[in-house]
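Here is the structure we will look at.
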Amino acid sequence: MNLKQEKIAVLLGGTSAEREVSFNSGKAVLEALLKQGYNAHPIDPKEYNVANLKKDGFNRAFNILHGRGGEDGTMQGLLEQIGLPYTGCGVMASALTMDKMRTKMLWKAFGLPVADMKVVTRETFSELDPQAVVAKLGLPLMVKPSLEGSSVGLTKVKAVEELKSAVEYALKFDNTILIEEWLAGDELTVPVLDNQVLPAIRIVPEGEFYDYEAKYISDNTQYFCPAGLTPEREQELAILVKRAYDALGCRGWSRIDVMCDAKGNFRLVEVNTNPGMTSHSLFPKSAATVGISFEQLVVKILELSL
């Protein structure tokens with residue numbers, strides 16, 4: 001299969017809150033493909049009807065859309081309908097991983113470790129009892145929308161009286177909110193490429209947690225790869241991440257976020273099925289430590305498209 005003879009659509013931009021990030025990722029991917037002689041073209045679904053890709057001579061899609069409409073199974077379903085192979089996870093894994101609550105429930109059913117949480121919806125918000133939540137989960141707490149990516153709508157709650165307003169804020173972004181125990185240990189993210197678990201990255205944000213600013217804007221967020229884990233811990237983490245990836249039916253590539261609790265136990269947090277591919281991005285950083293260049297990584301992801 002010579003992919004250089006194919007016409008490739010790089011899907012970027014889109015309509016989610018992460019449109020700008022997707023543009024940055026998409027430009028980097030496009031550049032890498034063009035540099036290596038691929039017939040690649042930028043396609044923004046906000047401006048172009050993706051249902052016409054096949055009719056317009058495209059043979060395959062590199063999907064680097066982030067968030068809703070690109071990473072949640074809808075675009076994957078559309079590409080399946082028109083019979084166009086695409087990179088990354090299929091419909092089910094994409095839809096499921098976009099929903100943090102259901103992802104965690106599935107992991108829990110598989111016996112995998114996740115943070116303790118309380119789910120609040122727009123309908124149940126009026127019944128929220130902050131005292132009871134704090135009694136169960138302790139303080140501080142993390143409040144986040146179940147469906148929004150890129151750390152949008154997150155709040156760290158340090159006092160019981162802050163809980164309601166944090167949930168109200170998160171409800172601006174989604175109808176389902178997670179209130180979770182605060183995980184005080186290391187923050188790690190672990191890429192998986194073609195069933196191979198790549199080295200973990202340890203994230204040390206300047207602020208209290210890895211929010212939108214730390215993720216995309218700040219140059220003061222520190223990333224360590226290798227993560228400084230012992231070989232045994234790295235191995236334990238890799239096995240856990242692979243089990244988490246397989247439980248959800250992921251394929252091609254994904255990045256799984258993991259936190260440690262105060263005792264150092266791993267807790268699965270969430271999955272990015274279309275991880276960022278910008279200069280700040282973590283997947284390429286990890287791949288580089290095992291000798292995979294950005295260009296090689298882009299081609300490998302493309303070759304894994306189904």
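For all residues, glycine too, the Cβ spot is worked out from N, Cα and C.
The ATP binding site annotation in Swiss-Prot covers 134-189. The C-beta environment of Leu183 (ATP binding site), restricted to residues of the same chain at least 6 apart in sequence and closer than 8 Å, consists of Ala115, Met142, Met259, Cys260, Asp261, Ala262, Arg267.
Within the same chain, residues at least six positions away from Glu270 (Mg(2+) 1 binding site) with a Cβ under 8 Å of its Cβ are Thr97, Lys100, Thr103, Ile256, Asp257. The feature Mg(2+) 1 binding site is assigned by Swiss-Prot to Asp257, Glu270.
The Mg(2+) 2 binding site annotation in Swiss-Prot covers Glu270, Asn272 and is backed by sequence analysis. Mapped onto three states, the DSSP output places Asn272 (Mg(2+) 2 binding site) in strand.
Swiss-Prot lists 104-303 with the feature domain 'ATP-grasp', giving sequence analysis as the kind of evidence.
Other Cβ atoms within 10 Å of the Cβ of Tyr169 (ATP binding site) number 15 in total over all chains. Cβ-based crowding with a 10 Å cutoff singles out Leu141 as the top-ranked of the binding-site residues Val134, Leu141.
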